[in-house]
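As recorded in TrEMBL, the features of this protein are as follows:
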type     : residues               : note
ACT_SITE : H565                   : active site, proton donor
BINDING  : H569, H603, D604, D714 : Zn(2+) 1 binding site
BINDING  : D604                   : Zn(2+) 2 binding site
COMPBIAS : 81-94                  : compositional bias 'Polar residues'
DOMAIN   : 486-728                : domain 'PDEase'
REGION   : 81-106                 : region 'Disordered'
Amino acid sequence: MRKTNLLLKYRSGNLLTNDERPSSSVTADSVRVYLNEHPDFLNSYVQQNIHPNTIEQWISRKPTKVSSTRPSVATTAPLITSQSNSVSTSPITHTNDKRKISSDSSKQISLTTAKSMNTLVELSDKRRLLHELTDEVNQNVSKAQILYELNKSIATTVSADGFNLYLVDETDTNLRLFSAENDDELAACFIPIRIAPGHCLAGYVAWSKETIRISDIAHLDMDKYPDGLYVKDDKVTAVMAHPIISATGVVEFYRVDNLLPFSVEDEELYHSMTRERRLNDFLLAVTKSIFQELVSMDAVMLKIMSYAKKLVNADRASLFMVDSRTRELYARIFDIGREEHDVSHSSIVAQKDIPGQKRSVSDDRDCIRFPMDKGIAGYVATTGKTLNIVDAYSDNRFNRDIDQKTGYKTKTLLCMPIMIQGNVIGVVQMVNKKNGHFTKSDEESFETFAVYCGLALHHASLYDRIRRSEQKCKVALEVLSYHASCSDEEYERFKTCTIPSTIPDLELFEFSPWSVTNDMKPIYVLYMFLDLASMDQVNANRFDRECLMRFVLTVRKNYRNVPYHNWSHAFSVAHAIYTVIKLTKHHYTPNECIALFVACLCHDLDHRGKTNAYMVKSASTLASIYSTSTMERHHFNQTVTILQTETLNIFKHFSSKEYRQMLDEIRHCILSTDLALFFENRPKLERVVDQNQFDWHNRDHLLLVMGLSMTAADLCSSFKHWAVQRSN
């Protein structure tokens, strides 16, 4: 025990004790004697206390390497000569000097320690070897060549001097020996190797599908493989043979003149690298599946969730996308845990299904949204870090509400970011690994998979934009075929009309908008607009009268001749909001007054006389673009289309910031005429007023009032006096 304690203080040939001089009884020679007598201690100490990088530096400084420790791999596969139908084995070459192995204890220690050091270094080099393998595989196309390159890299990792690769022939009853010199899979070997016990090792492994490790080639299992290796070599001392299940073949790794047999660690290394190969095959399938079927964003999300579950053997999966504008996470598709084609049957969750979540009016589909800094998914989205949680209920970031609602018990979680160009664009959350908990290997596999997910989502987003643009172009062409801007002749005719200095009773709610003739309505609109603009001296001179007249005439022309949602209705609604602005004690700014008036004038542009529900159920082109508030979104889009014409842009003298703000307010006002939103907004404002919390300077309160003012103006015609109703 004293020697053990002193050994831990040994540095560079000296034994140091605290505040003492070196002991004369313990020297470097005595330490060597102790290590010779206790090889297990040295082996354990090196593995537990020495970093692999340090070991690798020690090895690199040695002038000569022991071939049994880390031999180089030469081209050892037999050369098949198809013309002579014979098998000739090329000699095995070695680049490292071989050192004669003695039987004394010091050599045994060096072998044991070297093997531990070698294993640690090889584990640290595995990722580098896989990258080299990927580069080599990219230059090859045949399955046999890919397997050959893969096993050549594995041979280096497991310290094999060579390997033999056998592939099942077209009859599925025999093996063929493959060599790098002949990459023709069909002509690789004309001498069949029977797949059955009682012959060579390769035939037995292909038949049994089990891994065989032979420590001494001189002692073979005579019942299973009495012929030993198919390729004879008297110098071979140890063999490890693996079945290649997916490619239906066998690979034999062998060591030459080496007393170290293949170990369990070598077998694990082989399986680790073959798992990496399966991951590459998996990613290739993912790439083909996703990129060949870029139908929509939802389709790509479904694919990603499905493949993510298969990759880490999870029970369920969820995909949250990042809305960078609102700094929220949102999801439309949730896995409901069905077995066959489970994610394709995933549910699209509405707001009412998840408590505490909100549905965004600006989103075109039903979805749940929550802040980016909330929950486990929010943490991953904010930090870009992976979370692997073994017990979900012990993590205070986990939200139990969904489990309580659905009855599903979340146990383990693996939540990882999906990134593109260094930015998090989404978060995938895998739930409940089917066999235990998620491992570091699962994290590494998904990290590679996430790169493909990011590319797929990015391209799907671009595809969605292109598809929506195409649909908008179709609508635009349809609209343009029916509508047009006002003609010069029409403008010239109205230009000569004089705008009255005052119009009696126009401010009153009792005024009948239907008493105004169709030709005079544009003049009245111009009068009301200029009257509102004059409320602010700055605005009074910012509007071009010619542009205003052309704008009003074009808006009139863009209303269809339908029974109700026509130009007369637009004029009535514009007059109603004019009355509200002129007679009520509000705190709207001059620009907000203009936004309300323009929104009322344009709120039903290009209305087809059909409801939103009809447009959706009839699968109209408009509904494919706007699945919620279909017509209202179209009305706003038509308003913007008119304003984008230079001669019709009444806000062309506004600054960029003012112009964007004006369009935002017009958009809010027009969308507020959707009655589905009215039934959401009215109770909100009612609660604020009942609690005496209403504040004109609160932006949310102001938008609620503007929205309800639009609805009131849109529906108030039925509340006119009876005499006005009869004259309508």
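Placed from the backbone N, Cα and C atoms, the Cβ positions cover glycine too.
Structure with TrEMBL features highlighted.
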| residue | record | contacts (Cβ under 8 Å, 6+ apart) |
| --- | --- | --- |
| H565 | active site, proton donor | Y559, D604, H607, G609 |
| H569 | Zn(2+) 1 binding site | D604, S717 |
| H603 | Zn(2+) 1 binding site | A570, V573, E632, H635, C669, I670, T673, M710, D714 |
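Around the Cβ of D714 (Zn(2+) 1 binding site), the number of neighbouring Cβ atoms within 10 Å comes to 21. Here the domain 'PDEase' (486-728) returns a mean pLDDT of 91 for the predicted model. Same-chain residues that are not part of H569, H603, D604, D714 yet have a Cβ within 8 Å of the Cβ center of the Zn(2+) 1 site turn out to be H565, A570, V573, C600, H607, T673.
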